[in-house]
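J.: The structure under discussion is supplied below as structure tokens; questions concerning it will follow.
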Amino acid sequence: MDRAYWRWSAGAQLYRLPIAMGPLAFTLMTTALTGSYRLGGVMVAVLVVAEIAGAVPCGRLLDRVGAAHGLVLLLVATGTAMTLLVVAGWAGAGDGVLLALVVVPGMAVGGLSGGFRSLLGGVVPDAQLPRALAIDAMLFEGVLIAGPLLVSALSPISALVPLVAMATAYFAAALLVPRATAPAPRTAAKLPVRRALPWLACLFALGHLLATVEVAPLPLVQRLGGDPALASLVIVVLSGSGIAGSALFAWRRPPAGRRPALRMLTGFVLGGSVLAADLGWPGLFTGAALVGGCTGPLLTVASVRLQRLLPEGRRAEGFSTAFVVQGSGFGLGSLSVGVLPLWLAPALGVVSSATACAMLALLTSSEEATDDRRGAEADQRP
């Protein structure tokens, strides 16, 4: 990977860092201000709803004005909103003001995801795209681990200091956006929804099953009579296997086609089934490792295939739509953990994964076969 990729990656990880910090940072801030964590939970919920609502409109905006230029504007606006949130917290503003101020960062995040992803196609050649995405997935896992740790390290200074760090990360990311290029001409071509559906189903299944592990480590441990402190070990296994799976994919560089995706979905089905079956501690850690290890490679393959399908002038919108689909799966998985019997939550994730697997297996059109051949040839070039 060359310098341009690492610049892109640094900007991408910096904009993701506040996402990883947000839940704990908001909870600590509202606990310090109001004496209760509940407002922090509501702020996170508002943030997620705003992400889903703003992703596609922001993606369309980025396609219209150019992804590089639009990303700088969105990052500066988001950093400014976070700064205002710090000021409001320091001034003791009311709950409604705090909730309103998280809407802007929330609406921008979905657009940021699509915008950064659409820029990657101009930063690395097509042959290096699977490896670049696998490395990015590995680094993202590290950011997800580092975010809460950074909040824990900064919060003893003040409950508002983590939010200052979040605002700083957004401003720093704006400085690292790859140099602006002329925006691709806005095309009248429709998004290839029908051909993209199986890959969107992969992303939905990924978010759905992943949420049943990330959101439920504590009840999964308590089901086995374990100490609540062991819940963190489940996340360590999930994240560690995710880093290892992405690293292995980046090293081996298999073609980004249907067969690798089917193998990863099969791993999801097996991992979710083990978690649902309640097979004791070996089953818990094996299931978490299978889900984590298959996440990065599946995300990489789906992202590469979507790029090959999306019209160049609508990629930010297309990737923002993919973000919404994956986030919707994660939201459904989180909800299922909260309202359904514990065994049923991963079982539904298995259903989502099996459905995506069936959709991919039924792709037998000549167009898809041609895409597979061309993709394999591109992926194997040095």
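The count begins at 1 with the first shown residue.
Every residue gets a Cβ built from N, Cα and C, even glycine.
For reference, TrEMBL lists these features for the protein:
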TRANSMEM  12-33  transmembrane segment
TRANSMEM  39-59  transmembrane segment
TRANSMEM  71-91  transmembrane segment
TRANSMEM  97-120  transmembrane segment
TRANSMEM  132-151  transmembrane segment
TRANSMEM  157-177  transmembrane segment
TRANSMEM  197-217  transmembrane segment
TRANSMEM  229-250  transmembrane segment
TRANSMEM  262-281  transmembrane segment
TRANSMEM  343-364  transmembrane segment
J.: Might you confirm whether the transmembrane segment (343-364) is in contact with the transmembrane segment (12-33), defined here as three or more C-beta pairs under 8 A between residues 6 or more apart in sequence?
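T.: Checked: the transmembrane segment (12-33) vs the transmembrane segment (343-364), no contact.
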J.: Mind pulling out the one from 39-59, 132-151, 197-217, 262-281 with the most Cβ pairs under 8 angstroms to the transmembrane segment (229-250)?
T.: 132-151
J.: Cβ pairs under 8 Å only, please: of the recorded stretches 71-91, 132-151, 343-364, which one is richest in them relative to the transmembrane segment (157-177)?
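T.: Per the Cβ under 8 Å count, 71-91.
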J.: Any residues 6+ beyond the ends of the transmembrane segment (262-281) with a Cβ under 8 Å from its own?
T.: 202, 205-206, 209, 212-213, 220, 223-224, 226, 287-291, 293-294, 297-298, 301, 343-347, 349-350, 353-354, 356-357, 360-361
J.: Which bits of the chain, at least 6 residues beyond where the transmembrane segment (71-91) starts or stops, bring a Cβ under 8 A of a Cβ in it?
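T.: Sequence-remote neighbours of the transmembrane segment (71-91) are 15, 18, 29, 33, 58, 62, 65, 97-98, 101-102, 104-105, 108-109, 111-112, 115-116, 119, 159-160, 163-164, 166-171, 173-174, 177.
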